[in-house]
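Here is what TrEMBL records for this protein:
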{"type": "DOMAIN", "residues": "773-833", "note": "domain 'CBS'"}
{"type": "TRANSMEM", "residues": "77-96", "note": "transmembrane segment"}
{"type": "TRANSMEM", "residues": "154-171", "note": "transmembrane segment"}
{"type": "TRANSMEM", "residues": "215-237", "note": "transmembrane segment"}
{"type": "TRANSMEM", "residues": "308-328", "note": "transmembrane segment"}
{"type": "TRANSMEM", "residues": "349-370", "note": "transmembrane segment"}
{"type": "TRANSMEM", "residues": "430-448", "note": "transmembrane segment"}
{"type": "TRANSMEM", "residues": "455-474", "note": "transmembrane segment"}
{"type": "TRANSMEM", "residues": "480-500", "note": "transmembrane segment"}
Amino acid sequence: MACCGGGLCCQCCCNEGDTRTPEELTILGETREVEDEILPRKAYESLDYDRCINEPFLEVLEGLDNKKARKYEAIKWILVFAIGVSTGLVSFGVVYASEVVLKRGHGTNTAVHDAFIPYWRMRFIPVAAGSGIPEIKSYLNGVKIPGIVRLRTFICKVTGVLFAVAGGLFVGKEGPMIHSGAILGAGLPQFQSITFKKIRFHFPHFRSDRDKRDFVSAGAAAGVAAAFGAPIGGTLFSLEEGSSFWNQTLTWKVLFCSMSATFTLNFFRSGINFNKWGSFQLPGLLNFGEFKCVDGDKTCHLWTAVDLAFFVLVGVAGGLLGALFNCINKRLTKYRMRNVHPKARFIRVLESLLVCMVTTLVIFVASVTLGECRDLVSTNNNTSTQEVNSTIRRFFCYNNTYNDMATLFFNPQEVAIHQLFHQNATFSPVTLLLFFVLYFFLSCWTYGVSVPSGLFVPSLLCGASLGRLVANVLKINFHMQVYAGTFALIGAAAFLGGVVRMTISLTVILIESTNEITYGLPIMITLMVAKWTGDFFNKGIYDIHIHLKGVPLLEWETEVEMDKLTASDIMEPNLTYVYPHTRIQSLVSILRTTIYHAFPVVTENRDNEKEFMKGNILISNNIRFKKSSVLTRAGEQRRRCQSMKSYPSSELRNVCDEQTAVEPAEEGQDILQQMLERRHVPYPNLYPDQSPSEEWTMEERFRPLTFHGLILRSQLVNLLICGVCYAENQSSASQTRLSHSEMTEDYPRFPDIHDLDLALLNPRMIVDVTPYMNPCPYTVSPNTHVSQVFNLFRTMGLRHLPVVNAVGEIVGIITRHNLTHEFLVAKLRQHYITI
């Protein structure tokens, strides 16, 4: 890719993919399976975690001392605390409102009405649908997804999930709460809102992708902490699932934010539910309860070493079922993307209503026809008789009996999980099996509907029924003394791990939720086995949805085989660049005719080295060595064209059959003058009829360029809008100077070049871009191996990585698109063919 940011293919790459024949694709080995050929790909931009060390930024550093630095750090800590408290308050509001809404019951009319409301909100904000975790994971990985952290997305997410849960859909609140926390983290430090224009305070700090992503990491962790009462698990979730860039200071801030969210939610829930303010008895949205044996029962044990063998088997089953869940959901999602999303939005309404009606019908019919009327039995001391009586559902059963299927279906999901964890002899094996099958397919169908929907709680409930089923089989058929609640917990962990493929963070989340450290080993073993089993078949559900949306996500590391490639193999040599001093007409032409988000600032190398070669032999030999060993863009493009000549398409051969030799310049004649006489100008006019680059030779297209820095599209547009320029008869020092706050004032939505009134510009004026470019970006050598390039790009959070040869000439540029797994695999196949 050329200089575009964030996974945008350059025009030549996109056109190549559209015009190459099937035979050429077969030669390159780039044919795709039918099931992967979907999907409309969006042009996602990348976030830029690297600082732009230009002159305005250096002016800020000049005025910064230790006192001001400590002041800004204190402001950061205050904002982190505010994000945590806000996330806790929002979580409490969701819990309280959902309890009020659920008191209306689960009748069919109410369910359909409540399911219609969240869709009606998603009709205006489609990005608010789903759990939001794939989008937040992509954002923390460095991909900018439009609208994902907007205020209106937050409003739709919070209100929509209430009615989705009340509508009887098999969705959870936890995933949307993670998304909501991330939105609060992105919005609060900005002190402004694009949705509500009047909310705008002058606060010029923290206006960069670097600062914003740190706050989003804290907000996402706070969402996990509030959902499960697991502040440490939330911190690890933000580290494991998203953030590519981490340091010790950020760890402390994220943990502090998670603690703030947990205790804020705990404070209000404990005070209102128990009227004991400050008692801190309800730490999270989901309460697993306390696991312990009945007092005086010496034969009872939570788990033993023998049980570990069964936990491994449950982990294998969870991994297999999780892989099946992901496979089915992937096919459903692809069907929706092909047949539902492209059609009128009302079709999504019908789908949401259909899912809700079918869910309600299945729940009712299954409870009537498949449920068993079972006698009430005494429970262990973990659950009082009064609590049991308040959660059982008789549902056409006689006195002193209850319907076990209706008890699972007609209770809130959190209550059903608590029953499976802590009530003995409540559900028959047949009921548990049927409930698991029905819940499995209904929750799989529901995830992906255009409503806010979490996956944690449905997966936990589905897995808990599986684990409880295993415990009942071991008790009844093998007469083993096992603690049913432990197997329910292990089953929940196995199925959830098989679906989402999380290990470290999920282990800590479940340990913190159960408040039982002795469960650490079995949960960890179960999650590892479930992940390894599921990875044999497919990826986790979040990674699948990220892939289907075409997000260029970067994994933790590349495969070992990729080190056969170097930076020169994956870079894009076809560059669009600017000069240090460029006319306004050239800048406007570049910005209006390209989609790239950054441009190298370069100067051209003159073809005068042959004069030096006539003298000293040593100098002559050195120059010859440089020409033979240093990669140039022209040589790289020529090598690629040579490999294309063997393709069967005559069209591709004609593209490469160009005259690559440049006629030698006459004695004393200026090269630039030669180009002007041959009508080869560096850039087209302000309103070009046809680009003269079509007549350029290979050497003219890929002239040696000395690299001086990078400048962003947003910076160039800002310079044009502010009138930063000078006339030919003036010095560049006379042009207007912009401060760092003026350059970042419009963050994160900078003006577009198409919004610029061209009548206000003088096309002959000159812009000096050197004060505003980044003169010292990270660069790599053409011979750098892909693993080194990948690690530098990912760990430093780069958006553009120039490839500079040994003599300071830029020969290509690497962006996120060039490091995706699919792109690297295609280049590796091409490398094998070339060999």
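Yeah, the Cβs are placed from backbone N, Cα and C, and that goes for glycine too.
TrEMBL annotations: computationally assigned, not manually curated.
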Candidate ranges 154-171, 215-237, 455-474, 480-500 - greatest C-beta contact count to the transmembrane segment (308-328) (under 8 angstroms): 480-500
Same-chain residue ranges lying at least 6 outside the transmembrane segment (215-237) that approach it to Cβ under 8 Å: 79-80, 83-84, 87-88, 91, 136, 139-140, 149, 173-174, 177-186, 188-189, 206, 243, 250-251, 253-255, 257-262, 264-266, 282-287, 456, 502, 504-506, 508-513
Mean per-residue pLDDT computed across the domain 'CBS' (773-833): 90
Intrachain residues whose Cβ lies under 8 Å of the transmembrane segment (455-474), provided they are six or more past its termini: 131, 133, 170-175, 227, 286, 310, 314, 317-318, 321, 408, 413-414, 416-417, 420-421, 427-429, 432-433, 435-436, 439-440, 443, 446-447, 480, 482-484, 486-496, 499-500, 541
